[in-house]
Amino acid sequence: MDLFEYQARDMFEAHGVPVLAGIVANTAEEAKAAAEKIGGVTVVKAQVKVGGRGKAGGVKVAKTADEAFEYAGNILGMDIKGHTVHKVMIAQGADIAEEYYFSVLLDRANRNYLAMCSVEGGVEIEVLAVERPEALARIAVDPAVGIDQAKAEEIVDAAGFAADVLDGVIETIKKLWDVFQKEDATLVEVNPLVKTGDGRILALDGKVTLDANADFRHPDHEALEDKDSADPLEAKAKENDLNYVKLDGEVGIIGNGAGLVMSTLDVVAYAGESHGNVKPANFLDIGGGASAEVMAAGLDVILNDAQVKSVFVNVFGGITACDAVANGIVKALEILGTSANKPLVVRLDGNNVEEGRRILTEANHPLVTQAATMDEGADKAAELAHAAK
């Protein structure tokens, strides 16, 4: 789960990372009140989980509370790379002398943690990594040891920090590691980490990504979820513990197993080229236990997507046999009743496939068409979706 900047700031503060005052606002009036409370120069910052806010006009320096009101009014509701701005953060202005970069992340390729640090912050780090890779220090971090004093010293030495900021940067890096470890994050990034005119080290802009697999250790993380911006279908799927991702097509996809579902997306996209260029509408993995309730929940999510014109159920029976899947489909259609109003193409294969097909044949549901192969099912589902467009 990616956090908004204001959430990352609050998390940093809770772990002792030096930050400036920041107040989140939902309206221009709240922004003005926040600016008055903070006092002096403030920065109005759009709260979206995407980069490029400044270039899009989502970050403005306000010299007065009235300016904060004006800027917040302009920024709220703004679209930044497809993300609508629902909140702004009013942050205390800073006298910046130098800008640095620091991050610690999960290095999946090497099955390790990685710290990255540079004395050239405030820029797009991806550009710096390509154009001047020597300016970005990369230090492996042993998960069993973490970033202690010695490791922090190694990081700042590799990055080339000046002697006058070493102590402050080292202490801040250790506290950012504390955030990473104790909050079960997969990314903690500060860009920029700054030295102010009076010599302080501050984290001015932070990004945090939390590991959803560790949510059971952090019941407080639930309050950090962005329910306002969440896709309602994805939220509904999450409530039913379904692995669902909404896409932009017309053919709903249900399968068991991520690999099979991804393959199904490919064959549907290919088949769609012959049928009006229709595309998959979603990724939905119901997992191994395709019970009637699970199937009903999956169908309910997909059928509530107005873009969906047909549904392709592609299941390979393994631990869950095809007859159990077929019974689940039949019962799911009974549960959904009239809300099941779009054609379904069902392809079953694997364990007890003949019995599964017999159950669907005898049920003789008017919306269900069976397919013998995945290619046949994808072609039929694409054809039906195109006809319904």
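Using N, Cα and C of the backbone, Cβ positions are placed for all residues, glycine too.
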If Swiss-Prot says Gly318, Ile319, Thr320 bind substrate, which of Asn240, Asn243, Asn256 does it name for the same site?
Asn256
For Asp205 (Mg(2+) binding site), write down the residues of its own chain that are at least 6 apart in sequence and whose Cβ falls under 8 Å from its Cβ; none is a fine answer.
Glu5, Val190, Asn191, Pro192
Looking only at the binding-site residues Asn256, Gly318, Ile319, Thr320, Gly54 (ATP binding site) has its closest CA neighbour at Asn256
Site diameter for ATP, Å, by largest Cα distance between Lys45, Gly52, Arg53, Gly54, Ala94, Glu99:
20
